[in-house]
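Read the structure below first, then the notes.
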Amino acid sequence: MAAALVLRASLRLLPRRRKVCAGGAATVSSRAMASKTPVGFIGLGNMGNPMAKNLLKHGYPVIAYDVFPEACKEFQDVGAQVTDSPADVAERADRIITMLPSSPNAVDVYIGSSGILKKVKKGSLLIDSSTIDPAISKELAKEAEKMGAVFMDAPVSGGVGAARAGNLTFMVGGVEQEFDAAKELLTCMGSNVVYCGEVGTGQAAKICNNMLLAISMIGTAETMNLGIRLGLDPKLLAKILNMSSGRCWSSDTYNPVPGVMEGVPSANSYQGGFGTTLMAKDLGLAQISATNTKTPVPLGSLAHQLYRMMCAKGYAQKDFSSVFQFLREEESL
């Protein structure tokens, strides 16, 4: 809950504004939907980089910011504007997408000393594609509303490969009347854009998805390891699994065993992809939500513990499918 404490402390520093009437925020959906006005993009990491590039490919001028200046250089080279802070992005664009690693990062980018809400324009549409605590999304939406802006949570699923191909799935939470305005941009980066309900429900869907993903990846890694030790060829075993009832995304699209598939992190020493640290973070969010709702998640809890162990044993920066390698190294226990 450290992020929530950070948020509450930050909120006390914000100037109190008169609450904007519903008509102030409603200006978002009144914009011409097909307009190619500049879009702000904050967070150009493994996922944000290809997402922003797809906006450029669809003809949207991009105004970019990342805490690491070197991440912005290639965008500057292709004509994107690069700014010095999230506030500067908000000053130049009235549609902004953020893709950030964690709840504290989102709090800082939105309400920090140089945050978006320092210079946000009334009627701006703010879309956060980070995976963060649903409670934080709700608080950020309240603060954005005070400034006359609309905040929507729109976390993604599909990984780096889908981000590059523009095939992400977006799970969107927020004011339903603004969904079409958000969808206009999100369809440039994804093939599925699903409205989930009020602010925070997009995050809820993403947290549930990633808990299942972690569990299925561990199961796939355990199964492949067992089959290999029983003398089965890994490619043959994967083929059998993928035509049988055990088939899942972790086995047929993102197999964790080196040499089974091309173009996945396991074929590249587990570099790139979705980091173990981020998976552990998302499982932590699922644990918090499970505790708050008194929901039993025994397998989710075990997955969280396993990924935390991996982070402590040198796997933090590797793709989460490296759980296969981790289990191979731990098999003597």
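Every residue gets a Cβ built from N, Cα and C, even glycine.
Listed features, source TrEMBL:
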| type | residues | note |
| --- | --- | --- |
| ACT_SITE | LYS206 | active site |
| BINDING | 37-65, 100-101, ASN105, THR131, LYS281 | NAD(+) binding site |
| DOMAIN | 39-197 | domain '6-phosphogluconate dehydrogenase NADP-binding' |
| DOMAIN | 200-326 | domain '3-hydroxyisobutyrate dehydrogenase-like NAD-binding' |
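The highest number of surrounding Cβ atoms within 10 Å, among the binding-site residues ALA52, VAL62, is found at ALA52. The two recorded residues, MET47 (NAD(+) binding site) and the residue listed as 'active site', show a Cα separation of 15 Å.
Secondary structure of the domain '3-hydroxyisobutyrate dehydrogenase-like NAD-binding' (200-326) per DSSP (helix as H, G, I; strand as E, B; remaining residues coil): 87 helix, 2 strand, 38 coil. In this structure the alpha carbons, written CA, of THR37 (NAD(+) binding site) and the residue listed as 'active site' are 29 Å apart. With a cut-off of 8 Å between CB atoms and residues at least 6 apart in sequence, the same chain places GLY166, CYS188 near LYS57 (NAD(+) binding site), listed in sequence order.
Most buried of the binding-site residues ILE42, MET47, judged by other Cβ atoms within 10 Å, is ILE42. Counting every protein chain shown, the number of other Cβ atoms lying within 10 Å of the Cβ of the residue listed as 'active site' is 28.
The C-beta environment of PRO101 (NAD(+) binding site), restricted to residues of the same chain at least 6 apart in sequence and closer than 8 Å, consists of GLY43, GLY45, SER130, LEU278, LYS281.
Geometry remark: ILE42 (NAD(+) binding site) versus LYS206 (active site), CA distance 20 Å. Around THR37 (NAD(+) binding site), taking its Cβ as the centre, 11 other Cβ atoms fall within 10 Å, counting all chains.
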